[in-house]
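Chemist: What TrEMBL shows for this protein is this:
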type: COMPBIAS; residues: 323-344; note: compositional bias 'Acidic residues'
type: REGION; residues: 315-368; note: region 'Disordered'
type: REPEAT; residues: 105-138; note: repeat 'TPR'
type: REPEAT; residues: 139-172; note: repeat 'TPR'
type: REPEAT; residues: 173-206; note: repeat 'TPR'
type: REPEAT; residues: 207-240; note: repeat 'TPR'
type: REPEAT; residues: 275-308; note: repeat 'TPR'
Amino acid sequence: MCLVRRCAAAYFELSRYSCKKAMDLIDTLPRKVQVGSWSLCLYGRCFYELAEYGVARNAFARLRSIEPYRLRDMEWFSTVLWHLDERAELSQLAQDLMTLDRSAPQTWIATGNSYALQGEHDQAIRCFKRASLVDPGMAYTYTLTAYEALEMEEYDRAIAYYQSALRADVRHYHAWFGLGRVYQKTGRLKLAEYHFRRALSINPSNVVLYCCVGTVMERRGALEGALGVFERSLEIDEENKMARFRKARVLMGLQRYEESLPILIDLARTSSNEASVLFLLGKLYRILGYSREATEVFTQARDLNPRLAKAIAAMRRRGGGADESDEDDDGRDDEYEYDEEEDERAGGSMRVRSDVRGSGSVNGVMLD
């Protein structure tokens with residue numbers, strides 16, 4: 001396969017969000033091409049879509065060292081820095097881009113991301129609107145504006161901006177995902193599931209999109225269907241903690257307690273700072289009659305999240321046994337569900353695990 005054809009194939013796979021295939025194709029390119037700006041940009045985009053934000057940052061940083069005057073794709077770099085909570089670096093990037101070209105949409109996206117990271121949502125919206133005025137065809141600007149509106153609980157406004165993003169690019173899965181989140185927040189679960197599935201049809205390898213579909217199905221009471229969706233997500237990434245957590249929760253809802261137990265024990269071991277995991281494990285221990293173990297993990301969960309104290313006390317007053325329904329805990333999703341919102345910009349790229357903050361490499365191409 002000639003060089004140009006391999007490059008085109010890698011770009012095509014990225015456009016389909018087949019990120020691992022895209023990187024495999026890049027790895028077949030000559031060394032000089034692999035360390036060049038074009039490949040580094042694709043590496044950064046692929047790792048961003050895979051939620052490997054630390055390695056994505058390294059790729060984009062290397063790209064900027066090669067092409068310090070580059071504007072293209074810097075919107076993705078700024079979003080990566082937003083995910084990593086790198087306020088100083090993001091602010092510096094925004095200032096550098098402002099010096100290069102104040103009229104570029106990437107400049108205003110980076111500036112908006114910097115304001116968003118500081119919690120200044122109104123200022124962020126102004127910047128994202130400026131970006132959309134500069135380039136009305138860039139769907140991502142509308143998505144970011146919608147996200148900030150959603151943060152401010154302005155749901156109608158968020159819907160309007162997400163729809164504007166889809167008018168700019170109907171395959172912009174971030175907008176389909178965002179609409180699903182709005183409808184999920186407002187209790188319109190059938191609409192939420194429809195939009196999550198539309199996003200999934202565009203990006204079928206995204207684990208978090210599967211988890212969103214499964215969560216909505218779970219809330220609608222379709223537990224068997226939700227279990228199948230979570231199991232499909234684990235076929236893509238068997239170590240994904242969010243998918244494993246939700247699979248365990250559905251198994252509890254189906255009263256398949258013995259199957260749920262080893263999953264939660266392992267999650268509690270590897271995610272000992274997640275109160276949600278410990279709370280659910282404690283609940284399962286009570287159902288199975290393991291009172292001492294339940295008390296231990298409930299104490300740990302309460303120490304990590306004092307808001308759980310009321311739910312734990314209510315459960316103890318109620319007592320727990322094998323006939324205790326998982327639905328008895330009112331507001332359970334507010335109490336022990338992983339937070340999906342912080343990574344909504346990535347269209348569901350969030351994975352509940354530590355970000356890769358150190359150096360990374362791909363087949364010997366160092367990205368630090």
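Using N, Cα and C of the backbone, Cβ positions are placed for all residues, glycine too.
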Chemist: What does DSSP give as the helix, strand and coil breakdown of the repeat 'TPR' (207-240)?
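Modeler: Helix (H, G, I), strand (E, B), coil: 27 helix, 0 strand, 7 coil.
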Chemist: Across the repeat 'TPR' (173-206), what is the average pLDDT of the model, as a whole number?
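Modeler: A mean pLDDT of 96 is what the predicted model shows over the repeat 'TPR' (173-206).
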Chemist: Summarise the repeat 'TPR' (105-138) as counts of helix, strand and coil residues per DSSP.
Modeler: 27 helix, 0 strand, 7 coil
Chemist: Please work out the helix, strand and coil residue numbers for the repeat 'TPR' (275-308) from the DSSP assignment.
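Modeler: Looking at the repeat 'TPR' (275-308) with DSSP, the answer is 31 helix, 0 strand, 3 coil.
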